[in-house]
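Feature annotations, courtesy of Swiss-Prot:
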- 1-23: signal peptide (SIGNAL)
- Cys37-Cys51: disulfide bond (DISULFID)
- Cys41-Cys54: disulfide bond (DISULFID)
- Cys47-Cys61: disulfide bond (DISULFID)
Amino acid sequence: MKLSLLSVELALLIATTLPLCWAAALPVGLGVGLDYCNSSCTRAFDCLGQCGRCDFHKLQCVH
């Protein structure tokens, strides 16, 4: 009985701390992965020769 209680507590601990780790790491990952340029875009080929591709959610060219 004690073993199963311990595993439940451990699972709860992991479940509560893991989202915090993801929330802390997410902006860092996005900052590294998406380097926004000054160019705005509305079409896929607006960013050719500048930054790579168009992020249609932000309407900006990204590397």
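Backbone N, Cα and C define each Cβ position, glycine as well.
In three-state terms derived from DSSP, Cys54 (disulfide bond) belongs to an extended strand segment. Of all Cβ atoms in the protein chains displayed, 21 besides its own lie within 10 Å of the Cβ of Cys41 (disulfide bond). Counted within 10 Å of its Cβ, the other Cβ atoms near Cys37 (disulfide bond) come to 14, all protein chains included. Here Cys41 (disulfide bond) is positioned 7 angstrom away from Cys47 (disulfide bond), judged by their C-alpha atoms. Secondary structure at Cys47 (disulfide bond), as computed by DSSP, is helix. Counting only same-chain residues at least 6 apart in sequence, those with a Cβ under 8 Å from the Cβ of Cys54 (disulfide bond) are Cys41, Thr42, Arg43, Ala44, Asp46, Cys47, Gln60, Cys61, Val62.
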